[in-house]
Amino acid sequence: MEVTVIDPVKICEMIFNSSVRSKDLRTSRPAGTHTLMEQLNLTDVMVGNNSNCSTIDDFRNRVYTTTYSIITVVGLVGNGLALVVLIKTRSQNSPFHIYMMNLAMSDLLFVLTLPMRVLYYVKKGQWDLGDFLCRISSYTLYVNLYCSIYIMAAMSVTRFMAIVFPVQNMRLVTVKRARLVCVSIWLFISVSSTPFLMSGEKFDPVTNKTKCFEPPSSTQQLQKLKKMNYFALVVGFVVPFLVILICYVGIVRVLVSRNNVARRQSETGSKAIRMIVIVLLTFLICFMPYHIQRTVHLYLITPYDTCSYQRGMQKSVVVTLSLAAANTCFDPLLYFFSGESFRKRVSSFRISGKGKLQQREESQTM
């Protein structure tokens with residue numbers, strides 16, 4: 001009977017070579033291109049580690065199709081009408097209305113790209129509009145998101161100066177400076193958001209579909225994504241939100257100390273209170289859930305998460321991203337309820353329109 005002698009050295013070599021080959025296979029897998037919006041959310045990045053987990057594609061397609069369609073209609077009508085009124089009455093310009101005009105333009109640019117997203121999810125994840133439009137759709141979402149946050153912060157500072165420092169406000173807050181602030185915001189956000197132009201469509205050989213707005217299939221870029229999220233979280237959300245809170249605390253303190261003031265001052269205070277409520281609601285409903293969920297998902301997700309946890313996190317991505325996009329629906333409320341002047345603009349716009357129509361009819365009858 002022949003006895004086989006096991007050499008432990010050879011066994012170790014076989015194990016080492018096997019691990020090296022498997023590592024080479026993993027690293028040689030193409031990462032593909034993908035939307036950085038979903039990179040930061042990592043919606044499906046860990047699903048590949050557990051093949052038994054079912055996807056949330058049906059849930060995602062239904063929710064995104066419904067919410068983006070509603071946001072498109074409401075945002076297009078609300079911001080479109082607001083922009084028309086602001087442009088037609090631009091002779092009455094003030095710093096506050098310069099900010100409102102830029103906010104409306106930012107919302108419209110984003111809303112005009114939403115039908116492409118709706119079409120993508122109606123087709124259940126099939127992108128047919130080309131690589132360029134895929135990149136632009138991702139880019140405009142981020143530009144709108146952070147332009148809205150910064151413009152709201154600028155509006156809050158303007159209202160803060162008008163109430164807390166009314167004398168200095170007349171000298172420091174001007175239309176020219178408001179335009180300069182808006183140009184600076186657009187340049188800063190547009191340049192800092194350029195990484196979102198680097199990712200476009202990709203072909204998925206598993207589903208035989210061309211994809212857009214999809215997450216990565218590996219964790220190789222995790223450290224890079226964490227740095228991007230950290231910058232976006234601190235610079236894009238925390239800093240402007242702290243500025244807004246400081247302004248509102250100062251406004252409330254001044255308003256509380258003025259119990260018996262002139263009627264004009266009380267109207268200014270009521271405008272400020274309405275703006276505080278609308279801006280804070282926008283942050284609490286649209287911006288804060290998205291940034292919290294994105295950060296928690298990015299830093300806590302592991303390969304050992306259960307399927308239920310993975311699916312729950314993926315669904316929370318869908319919900320919070322939809323809420324973030326819905327900020328375009330809150331901005332028309334800010335235009336209309338933050339001051340009497342905008343409502344007066346609407347009234348004067350309607351009156352001037354009726355006057356022109358009447359003059360046209362009279363000229364036709366003569």
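The backbone N, Cα and C atoms fix where each Cβ goes, glycine too.
According to TrEMBL, the feature domain 'G-protein coupled receptors family 1 profile' maps to 78-335.
Marked as transmembrane segment by TrEMBL: 68-87 (among others). Same-chain residues lying 6 or more positions outside the transmembrane segment (68-87) and placing a CB less than 8 Å from one of its CB atoms are 97, 100-101, 104-105, 107-108, 110-112, 114-115, 117-118, 121, 322, 325-326, 328-329, 331-332, 335-336, 342, 345-346, 349.
Under the heading transmembrane segment, TrEMBL lists 99-122 (among others).
According to TrEMBL, the feature transmembrane segment maps to 142-166 (among others).
For the transmembrane segment (178-198), the residues of the chain that approach it from at least six positions outside its boundaries are 35-37, 95-96, 98-99, 102, 135-136, 138-139, 141-143, 146-147, 150-151, 154, 158, 228, 235, judged by C-beta separation under 8 angstroms. The transmembrane segment annotation in TrEMBL covers 178-198 (among others).
Under the heading transmembrane segment, TrEMBL lists 230-251 (among others).
Feature annotation from TrEMBL assigns transmembrane segment to 272-292 (among others).
The transmembrane segment feature in TrEMBL is assigned to 312-337 (among others).
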Need a quick answer: max count of Cβ pairs under 8 Å to the transmembrane segment (230-251), which of 142-166, 272-292, 312-337 is it?
142-166
Which range wins on Cβ pairs under 8 Å with the transmembrane segment (312-337): 99-122, 142-166, 272-292?
272-292
